[in-house]
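Q: Quick one: this structure, given as structure tokens, is what I'll be asking you about.
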Amino acid sequence: MALILWVMSLSLLLHGCLCSIGQTKIGCLRYTPKGENDVCCHECHPGNRIVHKCGKDPKELCTPCEPGKFILEFKDRCDRCTRCLGAQVHVKDCTATSDTVCGCKKGQTCGNTQCSFCVDTCGKGQEPTSDRSCRPCPDGTYNDQSHSKCKPWSTKCPKPYQKIEKGDAFTDIKCVNVSVPSVKHSKKPDDTEQLWPVVLSVLISAGLMAFIVIVIITVTLKILKRGKKPAKPITKTPIIRTPTDDPRTLIAIECSFHEAQQEQGNSTESLNSKDSSEQLIA
């Protein structure tokens, strides 16, 4: 029983090798003659490695890669197929002309173009870093896609009558329309219409200045009037001197006596004239 299983496995392996060989052309693809009977190979068929640089038969100069190996350029050795490990998942099998294609599990993304390792998928508003982690978009930048670099905000709107509204880590700036007032073409006013506001303002200013000056003068006069105090009347006290035998004193007394008699006489004449006037009226 074990022998039968071994024979079946061997036959399947040989069948796979034959199929692989049947799909890949064997030998040299591009060569040039050398001497009379030899040729030199410059390029093998895809999936073949160079065995001999020159020889008689071009098919013997190159040979296909062994199973589990592949080749992408003209050389004498095939590369081993990559194996998907860890967080990687198998996407496409390895062939003689291409390496294995690996992917990443859900929630993770390939870390490079070859997808040789996986990293956590950065969501919107984030960006991947060199240490295979995610960070929020810096201020002034945004990211609206998964696992992409943050992009700077736009600096202006496409239309002149639009204003900018600040964006965030997930979206760019927003351009909002601003209502533009309708422009009415009015006729040009004449010189009189333009001049009367100036004249009116000048008259008002002059009136205000005059009013202020009058108020200042009035207040000043009141203050000055209150500041002046009425002068007290000076009463002259008659000087009574003691009579003496001095001639100047006697003359002064005599003069005073005559003045008193004269005043008394004048008073008597006034009374007499008044009585005569009353008699005539009667």
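The backbone N, Cα and C atoms fix where each Cβ goes, and this holds for glycine too.
Curation plays no part in TrEMBL annotations; they are all automatic predictions.
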Q: Which of these links to CYS94 by a disulfide bond in TrEMBL: CYS78, CYS81, CYS110, CYS115?
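A: TrEMBL lists the disulfide between CYS94 and CYS81.
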Q: Under TrEMBL's annotation, the disulfide partner of CYS84 is which of CYS78, CYS102?
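A: Between CYS84 and the options CYS78, CYS102, TrEMBL records the bond with CYS102.
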Q: In TrEMBL, which of the ranges 129-150, 261-282 has the region 'Disordered' annotation?
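A: Residues 261-282 are the ones TrEMBL records as region 'Disordered'.
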Q: What average pLDDT is reported by the model for the domain 'TNFR-Cys' (64-102)?
A: 95
Q: Are there any residues in the same chain, six or more apart in sequence, whose C-beta is under 8 angstroms from the C-beta of CYS81 (disulfide bond), and if so which?
A: GLY68, LYS69, PHE70, CYS94, ASP99, THR100
Q: If I restrict to non-local contacts, at least six residues apart, and a C-beta distance under 8 angstroms, what lies near CYS84 (disulfide bond) in its own chain?
A: HIS90, VAL91, THR100, CYS102, GLY103
